DNA sequence: GGAAATTCAA
């Protein structure tokens, strides 16, 4: 292909001057280097080597160093081009890549294998798939890097069919090729597909998975909440001796945390040794927070500070979140201050959001409003959502209405705002308000996401929506469900129909719609499909409603099961009639002691931690 | 021999 005609690179003078060097006549004369005296050639090579060494050490400065290299009068070699192109790829700088292409072509370097690979990669990640393809087509067939770089381009372009076709037609697929596909699946929410591709990878025997493969696969498993598969993946890592460096350990900690198995996360974390960085600590902090172990999170944060590790924005985001979920108002305020004063971290909108949430949950609406006023930026939907949610809990209808309207203005396409606002009106008995909000939602074409819950049985994910009758075992499930309802009534459970915020008077209809919530169906299926005493793990796409929360607490006691529900925000560990969240999200009790979480709730690091088992994926 | 692929947050 003809190289792009951009005449200069970075500073316009350097490339133009370099290209116009008198000792560089056009083809068919031999390359200029061969005409230089030997000493000059050696000097240029040394200078170039010194620059490429610096480019390797400071990849961020690669383009600038390349520029300096040209200014010094030395000739860039293929390594210098490749390193500069690598920087273009990372910075998604297509223009600079095209300039380098043009420059290399003039110097006769554009056909070098490494330069070609650099060009393909840079063009591919910058979205110039056609340019990447052109370089590829006239380049080195069979070079794995070239194939993988182009594959990456197809993945970035998002055309699944083209991606699949290219992948299938690849001459030699290696670990990177498979990793690219698996990562693409995860990025695009195709988690089951990611695991299926991983299985194919193993079956193909073409190459071995590495730690990058496992990070992606474990991430897919995390999204699915599939603990059994997570245990398998962890066992695979151990068995194959795959190095558990910072990223893989974060992924594992995250997997165990998000599968509701905090003991597993702690086990991984405590056995890491030197392979730890801020991200690992953040993952563990987030794990404690999501599982309702706020005190543990704060203890860990204190430990982190003692070890001398410097916390970052994410650390504080997580810690503030822990404070807010645990009702630690004082501690949260202290952390917020330390973040700015000790660590010099400028709070971003997320941190302000956490603080508003912290005050709101504690019912300190004055402080929350003050925080909103002092924010240097415009409050976003999350801030309003925290305020509206708390107003609903604390039945502060006036403020709730105002904040609710702000929320639907800040996020007009999110159904959550409309639902929350209509809930506020409904709790206030203002049905006119409810209808107005519903009409607004309808007029704007905003759809409510249907609630769904899933449960993994023997490695298979079963998903239920409210009132679902599509499952093959539906008779057994509904029989179990009616038994559950009877047992609940015996235990003194009264359906809390205030959670059915429909303008209907018939309590029976309200009751039956509650009884068919997706999590109850999933629990019914879990009870008939697992051995007595086995924990039941449910993943739900929305938040658990207050009625289900009450019902599941009782069910955990009636059936002697630990029921772990992952909802859109956090985990609920139901055990013997109570929940690890301490009902905090529904009714804030105000005092730390009354939180259902005690430090003895979780077993020590490895006492009840299930050792990785080599079951089939 | 290098490059390519990756986690944590309301």
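Positions of Cβ are set from backbone N, Cα and C atoms, glycine also.
According to TrEMBL, the feature domain 'DYW' maps to A:492-585.
Residues or ranges marked as region 'Disordered' in TrEMBL: A:15-46.
Long-range contacts of the repeat 'PPR' (A:143-173) within the same chain, counting only residues at least 6 positions beyond its ends with a Cβ under 8 Å from a Cβ of the stretch, are 113, 116-117, 120-121, 123-125, 127, 129, 132-133, 136, 180-181, 183-184, 188, 204, 206-207. Among the features that TrEMBL reports, repeat 'PPR' is placed at A:143-173 (among others).
Within the chain carrying the repeat 'PPR' (A:174-204), a Cβ under 8 angstroms from the stretch's Cβ atoms is held by residues 144, 147-148, 151-152, 155, 158, 163, 167, 210, 212-213, 216-217, 219-221, 223-224, 229, 461, 617, all 6 or more beyond its ends. Per TrEMBL, the feature repeat 'PPR' maps to A:174-204 (among others).
Restricting the average to the repeat 'PPR' (A:277-311) gives a pLDDT of 92. Residues annotated as repeat 'PPR' in TrEMBL: A:277-311 (among others).
In the repeat 'PPR' (A:312-347), the DSSP tally of helix, strand and coil residues is 27 helix, 0 strand, 9 coil. For A:312-347 (among others), the entry in TrEMBL reads repeat 'PPR'.
Using DSSP to sort the residues of the repeat 'PPR' (A:348-378) gives these counts of helix, strand and coil: 23 helix, 0 strand, 8 coil. Per TrEMBL, repeat 'PPR' is recorded for A:348-378 (among others).
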Summary of DSSP states over the repeat 'PPR' (A:277-311), given as helix, strand and coil counts: 27 helix, 0 strand, 8 coil
DSSP-assigned states of the repeat 'PPR' (A:174-204) in counts, ordered helix, strand, coil: 27 helix, 0 strand, 4 coil
